[in-house]
Amino acid sequence: MDCRKMVRFSYSVIWIMAISKAFELGLVAGLGHQEFARPSRGDLAFRDDSIWPQEEPAIRPRSSQRVLPMGIQHSKELNRTCCLNGGTCMLESFCACPPSFYGRNCEHDVRKENCGSVPHDTWLPKKCSLCKCWHGQLRCFPQAFLPGCDGLVMDEHLVASRTPELPPSARTTTFMLAGICLSIQSYY
């Protein structure tokens, strides 16, 4: 493979990953008003609208000027009923989750979201497709432009836990991504 083809291939892979992230963020945006879908491990997850009391003033500072109250109670007095999986309820609004758990109420377990031996949010190249483990499902995108694929997408049966067949909407997205990649390749 000459240098030009390698550069085109690299750009195509970068575009696929960027478009995939955009679709993921689009799915995340549908979860709720300014709610973080998955904070990084150790971070605190909270909804933006839950940190203000019901009797908030008519004039609110811009979100960049908000300061969380510092009066967190002693651990013996904390209300732990709002959190699952050993999380600590803070200000009766959000949870500080233990490692491997996340979500508003520590309801999601990272350990259950892997695809067999493939960790969550990991890309896995397979013959003529590029797969990603996302919340326990291995989702594959055809890569018909790869050398040796000759425009054909090979039907691969990948072994992973909890990996159902893609729904029709995901297939449409996959073909749309493949079309975008092919148009990018033909442009160069």
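Note: Cβ is positioned from N, Cα and C throughout, glycine not excepted.
If you look up Swiss-Prot, you'll see 78-107 marked as domain 'EGF-like'. Under the heading N-linked glycosylation site, Swiss-Prot lists N79, citing sequence analysis as support. Summarising the annotation, Swiss-Prot assigns disulfide bond to C82-C89, C83-C95, C97-C106, C115-C133, C128-C149, C131-C140 and lists similarity to another entry as the type of evidence.
Feature annotations (Swiss-Prot) mapped to structure.
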| residue | record | DSSP (3 states) |
| --- | --- | --- |
| C82 | disulfide bond | helix |
| C97 | disulfide bond | coil |
| C106 | disulfide bond | coil |
| C115 | disulfide bond | strand |
| C128 | disulfide bond | coil |
| C133 | disulfide bond | strand |
| C140 | disulfide bond | strand |
| C149 | disulfide bond | coil |
- C89, C97, C128, C140, C149: which of these disulfide-bonded residues has the highest Cβ count within 10 Å of its own Cβ? C97
- Among C89, C97, C106, C115, which are recorded as disulfide-bonded residues, the nearest neighbour of C128 (disulfide bond) by Cα: C115
- Nearest-integer angstrom distance between the alpha carbons (Cα) of C106 (disulfide bond) and C133 (disulfide bond): 21
- Taking the Cβ of C106 (disulfide bond) as the centre, how many other Cβ atoms fall within a 10 Å radius? 23
- Item | Distance check against C83 (disulfide bond) for the disulfide-bonded residues C115, C131, C133, C140, C149, keeping those with Cα within 10 Å | none
- Query: What is the Cβ neighbour count of C82 (disulfide bond) at a 10 Å cut-off, with all protein chains included?
  - Reply: 17
- Query: Taking the Cα atoms as reference points, how far is C95 (disulfide bond) from C82 (disulfide bond) in Å?
  - Reply: 8
- If you count the other CB atoms within 10 A of the CB of C131 (disulfide bond), including all protein chains displayed, you should get 21
- Query: When the Cα-Cα distance from C133 (disulfide bond) is computed for each of the disulfide-bonded residues C89, C97, C140, which gives the smallest value?
  - Reply: C140
- Other C-beta atoms that fall within 10 angstroms of the C-beta of C95 (disulfide bond): 25
- Item | Rounded to the nearest Å - Cα separation of C140 (disulfide bond) and C115 (disulfide bond) | 12
- Message: For a quick check of packing: other C-beta atoms within 10 Å of the C-beta of C83 (disulfide bond), how many?
- Response: 23
